[in-house]
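Visitor: Below, the features straight out of Swiss-Prot:
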- Gly13, Gly14, Gly15, His16, Ala17, Gly18: FAD binding site (BINDING)
- 274-288: NAD(+) binding site (BINDING)
- 636-657: region 'Disordered' (REGION)
Amino acid sequence: MLYPTEFDVIVVGGGHAGTEAALASARMGAKTLLLTHNIETLGQMSCNPSIGGIGKGHLVKEVDALGGAMAAATDEGGIQFRILNSSKGPAVRATRAQADRVLYKQAIRRRLENQPNLWLFQQAVDDLMVEGDRVVGAVTQVGVRFRARAVVLTAGTFLDGKIHVGLNHYTGGRAGDPAAVSLSSRLKELNLPQGRLKTGTPPRIDGRTIDFSKLDEQPGDLDPIPVFSFLGRAEQHPQQLPCWVTHTNERTHDIIRSGLDRSPMYTGVIEGVGPRYCPSIEDKIHRFASKDSHQIFLEPEGLTTNEFYPNGISTSLPFDVQLALVHSMRGLEQAHILRPGYAIEYDYFDPRALKSSLETKAIGGLFFAGQINGTTGYEEAAAQGLLAGINAGRYAQEKDAWCPRRDQAYLGVLVDDLVTRGVSEPYRMFTSRAEYRLSLREDNADMRLTEIGRELGVVDDVRWDAFNRKRDAVSRETERLRTTWVTPKTLPADEATALLGKPIDHEYSLAELLRRPGVSYDGVCGLRGGECGPSEPLAEDELLLAQIKEQIEIGIKYQGYIERQAGEIERNGANENTRLPDGIDYTEVRGLSFEVSQKLNQFRPETIGQASRISGMTPAAISLLMVHLKKRGLGRRKGADSVPGADVQADNTAAQQ
């Protein structure tokens, strides 16, 4: 039957990408339908019970700055919070949280059920409705046909998924869930370029059978307790729990080696490529043969379960080998396995067949997000889902897409890497992938993106008000520090020595004092009995006050580096964002080699910047392209139109601070 209501956007899949996509399009006012094979698994953490980490935490903060749900749900469900790289510079500091699976899933579902303009429907999707070169809806497994102007496909590992435990295998999207076989076949009929990838998960362990007295305890950060959302509070966190650390040993490695003849990875049964930065324990033993031990983190799955996730032993070895390798580790000698580990092999589609909006080039209105694009990780999926949801909503509203730049957000880096370079293995975000990471910090994600989110319609009044109070306070206080001066006469020598190590010998602004190593904002404001502090509190709320102080300190201490990077962004921006016409035939560009013109015609980059990052492109080829565009009066700056964010420049110094 044809469902009587037509929607603006249909989202297929209720994982981390799908939930963010549905919430984003609905926040924009688009009538949105979220189709899932099981409403009870909305927002489910299919693998590890954690959110964030290096690069990943940056994405979560950006999703939050744009009104997304992941950070807030983590604050409500997080049972341990830590700041990674806390002793290093602000560019690489990252938040990571262990999450209670049940509480996290409840927080996501609560937001979905209370979001205006969003409808839920439980049915697996078997087919897409395509008319000509555009998608017009989706068909469920019992034949219900839903029409929409745009469809976002977030199928995760479900497309023709195959689960492997040893040499045994069966179809499945994840343990306990069916694979999307019909939908996978339908997508192949559309001639979208696809391949196979694989990922894996470790066996789960009953905490009642772990000897914690033999393990090293790893508590979370307590002073202060981190929060993920810019609107979050530590008081939202439930009870906090420690993680525990054990190690593999030579006996463990011998057990693993003895089972490789029954490993689907090492017998050619699995053809898909696995994630380089989250390898199976089989891969670790093989690739790092000289190491006699690997660290294993035992992570609690929640407050109401005894289940532990042994992070570091993802495996598809036969169950008897899994049991033996677990029992070989300190503290796990009597451990009971609740669920066996497994590998899952699934279809993905070459992201080079996508526009930067995550819309497929071949089929108008069809957007892909998450693992279907060859990425790995909840955070990468959520970020893509948010962007796809925004652009699906804008497509339905007949507005131009928003495509964040590499200098604007890690989300821009992620998407640009995918659509220009493609993937040969599951893609994971790291800070090292960003050229401008000093400008793309966790702490300033809201300064970079919340104003854009407001223009896009995904930032509500509460977030907008908090952001403006923070931004205004940072601006006012930074200016006060730059224009307030102390001299040897007005600053007592003993106070200067206590703060700076010696008396001052000439006039300094408070900002110049703050720029010195080891000097804090509170230290400067405490000079002269507190007279150097602001006349009024910067904020009544303690969390907001801490965020304001952090922005002020980083902005002043790193001012020179930030301004230098802003200049680099401006210099590179002219060519980086120059658009390439949609219909250009690169064989007609004089001087281009056949190989280069063939690649350009195949991948159809949207900008000169994207073209420059295609494998095999040379500076000479880029110069020839620029000459071709100039001669024919083609090309314009990407973002030089009415797209939100075009006038919110990432090189604005205030936004970087």
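If you go along the chain as it appears here, the first residue is 1 and each next one adds 1.
Cβ atoms here come from the backbone N, Cα and C positions, even for glycine.
Would you situate these features in the structure and describe their surroundings?
Guide: According to its DSSP assignment, Gly13 (FAD binding site) is coil. For Gly13 (FAD binding site), applying a Cβ distance below 8 Å and a minimum sequence separation of six or more within one chain yields Leu35, Thr36, Leu153, Thr154, Ala155, Gly156, Phe158, Gly370.
DSSP assigns Gly274 (NAD(+) binding site) to coil in the three-state reduction, outside any helix or strand.
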Visitor: From the Cα of Gly18 (FAD binding site) across to the Cα of Cys278 (NAD(+) binding site), what is the distance in angstrom?
Guide: 23
Visitor: Reduced to three states, what secondary structure does DSSP give His286 (NAD(+) binding site)?
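Guide: Once the DSSP labels are grouped into three classes, His286 (NAD(+) binding site) ends up as helix.
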Visitor: I need the nearest neighbour of Gly15 (FAD binding site) among the binding-site residues Gly274, Arg276, Ser280, using C-alpha distances.
Guide: Gly274
Visitor: Please report the DSSP secondary structure of Ser280 (NAD(+) binding site), reduced to three states.
Guide: coil
Visitor: Between the Cα atoms of His16 (FAD binding site) and Ser280 (NAD(+) binding site), find the distance and write it as a whole number of Å.
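Guide: Distance (Cα to Cα, whole Å): 23 Å.
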Visitor: Using an 8 Å cut-off from the Cβ centroid of Gly13, Gly14, Gly15, His16, Ala17, Gly18, can you name the remaining same-chain residues around the FAD site, in sequence order?
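Guide: Once Gly13, Gly14, Gly15, His16, Ala17, Gly18 are set aside, the remaining close residues are Val11, Thr19, Glu20, Ala21, Thr36, Gly43, Thr154, Gly156, Gly370, Ala381, Gly385.
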